[in-house]
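Swiss-Prot annotations:
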| type | residues | note |
| --- | --- | --- |
| COMPBIAS | 380-389 | compositional bias 'Gly residues' |
| COMPBIAS | 482-496 | compositional bias 'Acidic residues' |
| COMPBIAS | 497-524 | compositional bias 'Polar residues' |
| COMPBIAS | 546-571 | compositional bias 'Low complexity' |
| COMPBIAS | 590-601 | compositional bias 'Polar residues' |
| COMPBIAS | 623-632 | compositional bias 'Basic and acidic residues' |
| REGION | 380-419 | region 'Disordered' |
| REGION | 462-632 | region 'Disordered' |
| TOPO_DOM | 1-120 | topological domain 'Extracellular' |
| TOPO_DOM | 142-145 | topological domain 'Cytoplasmic' |
| TOPO_DOM | 167-189 | topological domain 'Extracellular' |
| TOPO_DOM | 211-228 | topological domain 'Cytoplasmic' |
| TOPO_DOM | 250-264 | topological domain 'Extracellular' |
| TOPO_DOM | 286-297 | topological domain 'Cytoplasmic' |
| TOPO_DOM | 319-330 | topological domain 'Extracellular' |
| TOPO_DOM | 353-632 | topological domain 'Cytoplasmic' |
| TRANSMEM | 121-141 | transmembrane segment |
| TRANSMEM | 146-166 | transmembrane segment |
| TRANSMEM | 190-210 | transmembrane segment |
| TRANSMEM | 229-249 | transmembrane segment |
| TRANSMEM | 265-285 | transmembrane segment |
| TRANSMEM | 298-318 | transmembrane segment |
| TRANSMEM | 331-352 | transmembrane segment |
């Protein structure tokens, strides 16, 4: 638009700048057009103007319209009262004939870089929203259940990003209709509202709680899980408190930073510390399971998991280094934080599946640690929680033992006849003598085949230096594949018969009372080992004998019974003249392995539908009254 107003000289740019002051001032030049000049002093910017005719139009006051003839390229600088953040340059049009002249002096145009424009913001919001909804669909379509916090975190992330995408679309459409693009306005429209600030704090807490669930699943040792939970919870709520102060307490804001305040930097460092903590824990787990974590079938899942864990750390560093990246990197961080829990959880499922499949095909089975308690009460306490953590059985309701148990006790349930009647539950508790940190190695025997349903657990051997001398003098009974114990036979000259010296392990005790040999039941049972337990209130060297036990000892010795495989019985006769007669108060029972009972790869017993749970067959002559007499 040209006017007939008098043309001022070319060097009167100060007058041009003065006339351009105003909220709705606009001007046009030969090569491009600015529809509206910035009215906020913080939006001041220099505009490169090539040679040509410059027409200044003031819609509020047409009398102020001026036309300037520029003989050479120039720079238009509004006389703003204050300096501040520069707004992007006006939108040029390549259709103008002097576009090449404008390109020559493009270096004078102080527009924001491309990564600070509206384009990265639009792309990142759209891509992050699509990724979040895909994660949510995968999470709910998965056959295995996912943690509750994980579902809530992904759902909130997907809904929040959808709301932000709608706001960004409306703002970009408004700017397009007015003929300009302003990244600052777009960021302020999305991130300046209370919805974004509140959702950011809530999503931060729930997402990190979902990650904490993943961390707790990775380790089966309860003490390690407790420590990780305490450290992780402390870091999570500290980080949430910092970001709540930055977003909810004015005048602090995440994007309007005060150089004198260290709170934004401290919050970023706290977030970085959380990311490192999560990464280190997952790396330790993946190294311990490297055979399964980085196999050919799981290498793709491992790469995606690493990418999801590293991306938030990279963008946190970028946010600290450069201001403009914070305008769109937050959306990537939101999606990456949600994916870091979902993808790592699925990666763990792949690792556990491969490990279980190999353990079912192997001979040794799975490892059992010191802190794990194997529950043999069937459906009452068996089973696992999450990804393989052993479920700790509580004190059993039907237990009428007159002393209380602790989490360190080993539970052995028996079908010993009690005063309440035949078949009532009876339970022995063997107190753990060694500290919690000592590990337990279970001797495992396989019967007839290498399948996991033939796994039998024997006595526990404690790896302690002070027990080395005891281990050299004692031999732990082993279980052969036919179910019989390999005991040494000695000749008793006085009684003119052979007897077997039953050596006990660290946690077992010998009884001088003649041992009785169980007869296999019709269900195809097999004796897999025997354990002797002292009665409560009696020590190993006690010299007291209950009347019932004395009567049982006076009974005639039965004939040896053949074992399940047709050979001699696993237990022989002990020496009647030995010095161990003071141990007659010790109760002895034999574990009977029934057909259909198996131990799965998690160390939890499983039963077939047509078979009964495993029982403990007592020594004949030992009754519940003996237990009461011994305790009294």
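Each Cβ is built from the backbone N, Cα and C atoms, and glycine gets one as well.
Quantities reported herein were computed from a predicted structural model and do not represent experimental measurements.
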For the transmembrane segment (121-141) and the transmembrane segment (229-249), does the number of C-beta pairs under 8 Å, pairs 6 or more apart in sequence, reach 3 or more? no
Would you list the DSSP helix, strand and coil counts for the residues of the topological domain 'Cytoplasmic' (211-228)? 15 helix, 0 strand, 3 coil
Across the topological domain 'Cytoplasmic' (353-632) the predicted model averages a pLDDT of 47
Counts by DSSP class (helix H/G/I, strand E/B, coil) across the topological domain 'Cytoplasmic' (142-145): 0 helix, 0 strand, 4 coil
Looking only at the topological domain 'Extracellular' (167-189), what are its DSSP counts of helix, strand and coil residues? 19 helix, 0 strand, 4 coil
